[in-house]
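J.: Before I ask anything, here is the structure I am working with.
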Amino acid sequence: MNDLIINHIAELILPRSTDKPLKGKELDELNVVKNGTVVIKDGKIVYAGTHTDDYDATETIDASGKVVSPALVDAHTHLTFGGSREHEMSLKRQGKSYLEILEMGGGILSTVNATRETSEDDLFKKAEHDLLTMIKHGVLAVESKSGYGLDRENELKQLKVSNRLAEKYDLDMKHTFLGPHAVPKEASSNEAFLEEMIALLPEVKQYADFADIFCETGVFTIEQSQHYMQKAKEAGFKVKIHADEIDPLGGLELAIDEQAISADHLVASSDKGKEKLRNSDTVAVLLPATTFYLGKEDYADARGMLDNNGAIALATDYNPGSSVTNNLQLVMAIAALKLKLSPNEVWNAVTVNAAKAIDINAGTINTGDKANLVIWDAPNHEYIPYHFGINHAEKVIKDGKVIVDNTLSFKA
């Protein structure tokens with residue numbers, strides 16, 4: 001006897017299973033089954049496809065008029081941080097740039113101070129609250145970065161919190177050491193601080209899967225970023241890079257040359273960088289909510305990347321300064337509107353390709369897969385990025401069990 005059948009599904013979203021990320025035109029290929037059925041046993045998918053009455057189960061969910069998809073994957077977050085920075089909104093309204101706010105002692109450095117002052121247990125409670133919000137919105141796989149400690153003690157504290165969350169909730173969660181995220185005030189120079197972070201790589205390896213660096217004007221140069229990435233690979237890390245967010249320094253090209261698993265942001269990436277994506281499996285993780293929140297007009301050139309047969313994914317970039325949202329559904333809407341992605345491209349970018357960007361087996365519904373699913377209160381898959389700003393996730397299913405039920409009920 002099976003454990004659960006989800007039946008009469010209006011649309012069942014079945015992203016293509018592949019060893020490599022979907023590239024170029026492949027991103028627009030999505031199998032959407034009308035009147036679908038999903039069968040689950042022992043936390044695994046037994047069947048997913050067109051309607052069938054050939055299976056029995058102890059529990060049945062009628063998903064008439066609903067969409068069912070793989071659980072979402074958020075491939076770029078800064079989940080563990082102390083404090084908040086709502087006071088910076090007035091500075092943004094005055095026209096202050098991100099780098100200007102950073103030079104004033106705000107930005108990342110403000111969060112660094114708050115994170116350093118927050119105990120590990122309090123940091124855990126805050127991050128847990130934010131993670132549960134993500135789960136309620138349909139996310140069951142997350143990447144979580146450090147980068148707000150900027151010293152040994154506090155970088156380790158962030159990574160330990162991230163690992164504790166993964167263990168408590170048994171999530172598909174990857175952890176990223178982003179020690180070179182900014183340069184703390186106490187550092188004698190960028191170069192000296194970078195060497196401190198490189199020296200930490202062997203110690204943080206037990207808590208982190210990836211090593212990341214912020215390659216940007218006023219932070220770390222292309223040459224410094226390459227040095228760090230090479231040292232990280234020597235220490236056994238797969239590497240990522242925050243690249244070309246503000247200035248076209250060539251971070252995307254560097255990521256491809258160093259065979260990074262992903263390059264993230266890429267708002268200012270050059271045509272040369274986009275062309276190099278053609279022969280690379282590095283995933284371009286685009287973060288349109290960041291551009292939206294910062295009030296900028298120029299978004300990452302997703303269409304240019306796809307035209308060059310690149311692989312792209314979408315993520316929230318959840319952080320307290322430049323993307324204060326942990327709702328990946330909102331990112332889906334912004335991507336459709338501002339990056340000009342089709343609904344199919346959006347869905348693949350938050351499922352199978354996002355999973356490839358953090359090297360996990362998720363984002364698909366195939367026989368034998370973990371039964372990590374979302375039942376959406378929406379008539380079709382196009383509706384979710386169309387009707388923006390609310391939570392469409394009705395039920396979130398982890399390992400075949402309903403762990404979130406957002407069904408609304410009112411008392412008169």
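Here the Cβ of each residue, glycine as well, is placed from N, Cα and C on the backbone.
Pulled from Swiss-Prot, these are the listed features:
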type    : residues                    : note
BINDING : H76, H78, H242, D317        : Fe(3+) binding site
BINDING : H76, H78, H242, D317        : Zn(2+) binding site
BINDING : R85, Y148, H181, E245, S322 : 4-imidazolone-5-propanoate binding site
BINDING : Y148, N319, G321            : N-formimidoyl-L-glutamate binding site
J.: If you draw a 10 Å sphere around the Cβ of H78 (Fe(3+) binding site), how many other Cβ atoms fall inside it, taking every protein chain shown into account?
T.: 25
J.: Taking Cα atoms as reference points, rank the binding-site residues H78, R85, H181 by distance from G321 (N-formimidoyl-L-glutamate binding site) and give the first.
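T.: Checked the binding-site residues H78, R85, H181; minimum Cα distance to G321 (N-formimidoyl-L-glutamate binding site) goes to R85.
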J.: With every protein chain in view, how many other Cβ atoms are within 10 Å of the Cβ of N319 (N-formimidoyl-L-glutamate binding site)?
T.: 24
J.: Which secondary structure state does DSSP assign to H242 (Fe(3+) binding site), in the simple three-class scheme?
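T.: Note: H242 (Fe(3+) binding site) is in a strand by DSSP.
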J.: For H181 (4-imidazolone-5-propanoate binding site), name the DSSP secondary structure in the helix/strand/coil scheme.
T.: coil
J.: Around H181 (4-imidazolone-5-propanoate binding site), which of the listed binding-site residues (H76, H78, D317, N319) come within 10 Å, judging by Cα atoms?
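T.: The binding-site residues close to H181 (4-imidazolone-5-propanoate binding site) (Cα within 10 Å) - there are none.
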J.: For N319 (N-formimidoyl-L-glutamate binding site), what is the secondary structure state per DSSP, taken as helix, strand or coil?
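T.: Assignment for N319 (N-formimidoyl-L-glutamate binding site) reads strand.
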J.: Can you give me the Cα-Cα distance between E245 (4-imidazolone-5-propanoate binding site) and D317 (Fe(3+) binding site) in Å, rounded to a whole number?
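T.: It is 12 Å, counting Cα to Cα.
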J.: Sequence gap of 6 or more, C-beta under 8 Å: which same-chain residues meet both conditions with respect to Y148 (4-imidazolone-5-propanoate binding site)?
T.: H78, T80, F81, G82, I108, T111, V112, A114, T115, N154, Q158, H181
